[in-house]
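Encoded as structure tokens, the structure appears first; notes follow it.
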Amino acid sequence: MAGELSIGAELPTSPLAMEYVNDFDLMKFDVKKEPLGRNDRSGRHCTRLQPAGSVSSTPISTPCSSVPSSPSFSPTEQKTHLEDLYWMANSYQQMNPEALNLTPEDAVEALIGSHQVSQQLQGFESFRAHHHHHHHHQHHHHQYPAVTHEDLAGSGHPHHHHHHHHHASPTPSTSSSSSQQLQTSHQQHPPSSSVEDRFSDDQLVSMSVRELNRHLRGFTKDEVIRLKQKRRTLKNRGYAQSCRYKRVQQKHHLENEKTQLIQQVEQLKQEVTRLARERDAYKLKCEKLASNGFREAGSTSDNPSSPEFFM
């Protein structure tokens, strides 16, 4: 009964320790009865071996009740070395080191050093409670950033003077750092007007899309969209101007060609008129020659002195 009371007194209430103990399956070990004369000694040993308790539906079992007894704990001290080796092999088989990834030496050291593990767990729980208390005060200070150091000092918490002073100071420094970041961002990214003025119209029109994207790295999306819209407007304006210029050039070319054709037509008309006059002249001349020929033929036929007349 005294051993059970001592076990209950040394059980930690930490959930982490409870979860640590629940990972071990203690129901697969056999129960070995110990002599009555060694109950007190084995009870004290069990209090050292069990680091934490577990509240579960399984019956409470201790490592001492499931692990075979050590040769030093047996009632008769006349155990041979062969029996010692048998106890070590039997305990190694029952503890299932494959599941725990332990060697026989690690299993013995784990059973012996379990009391130190419980002390470390208790120290961790105390550190965890202190950290939670510090985090609670820090969260409380961030909820009320306008409270000054003098107000906190006068509120009746002098033992947290250093913590509140340490957390109250970052408020102006945070604002100053944010303002410096904004100034740096403004220096790195000038306003939209300066971004548009950074490139001339000729540069925007003559620059390729890949080169423009390389120059626009680091600017905001709105500035990039605005600059690309300006470039598209300039491109469309250039296209319209080039088309208008081409149309004007084509119009001038057609007008010149028309003038030349009109001149050629006039020249051809004049040539036709000249040829018509020449034709008429040649026609009159031909008619004259024809009439003269008929007259000469008639005069020769009426002459009696012709040699044919006397024949």
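The count begins at 1 with the first shown residue.
Glycine is treated like the rest: Cβ placed from N, Cα and C.
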| message | For the feature region 'Basic motif' as recorded in Swiss-Prot, pick the matching range from 226-251, 278-303. | response | 226-251
| task | Would you mind telling me which of 122-143, 254-275 Swiss-Prot tags as region 'Leucine-zipper'? | result | 254-275
| Looking only at the domain 'bZIP' (226-289), what are its DSSP counts of helix, strand and coil residues? | 64 helix, 0 strand, 0 coil
